[in-house]
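These notes are about the structure you will find just below.
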């Protein structure tokens, strides 16, 4: 299974592609889409949309994994991040990819074993899990971690969904007191 992971952002959107065969992971590609801040919002969103379409076309993933937007203390920032996420979702839908969403906590738990890991720790673990020569850039590492999360957790969720028990086990993120919990 080839997984495209995305860490959405209006200034920088990370992407990472891995091949997963059972528990064996192989690095395919990663990068960061840097959006010029001087562009108007619609053009910035188009940069994200066009670049992610191109990544999907070139790497031909089977599925996509996207980090769920966290609730920020600044509502304007949260809305802007949501719009960047929307551009990413449109690119994935246009590429006919199934999209699976994970919280930052779920991603860190899948990669590190704990949801309290620092960004640098996630970068180092991604490097180790994918046998990379160097440490990936922060946005790329987050996207690769999202892809790794889906490679580890996604097949289990799919099996539980087929059995009809996923909702009972609480394996999908849900809202509690206005916050996402996993």
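The backbone N, Cα and C atoms fix where each Cβ goes, and this holds for glycine too.
Taken from Swiss-Prot, the feature active site applies to 7, 67, 139. The Mg(2+) 1 binding site annotation in Swiss-Prot covers 7, 139. Here Swiss-Prot flags 67 as Mg(2+) 2 binding site.
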Message: What's the number of neighbouring CB atoms sitting within 10 A of the CB on residue 139 (Mg(2+) 1 binding site)?
response: 23
- request: Please list residues from the chain of residue 67 (active site) whose Cβ is under 8 angstroms from its Cβ, counting only those at least six apart in sequence.
  value: 6, 7, 8, 101, 102, 103, 104, 107, 142, 143, 146
Query: Near the Cβ of residue 7 (active site), how many other Cβ atoms are there if near means within 10 Å?
result: 26
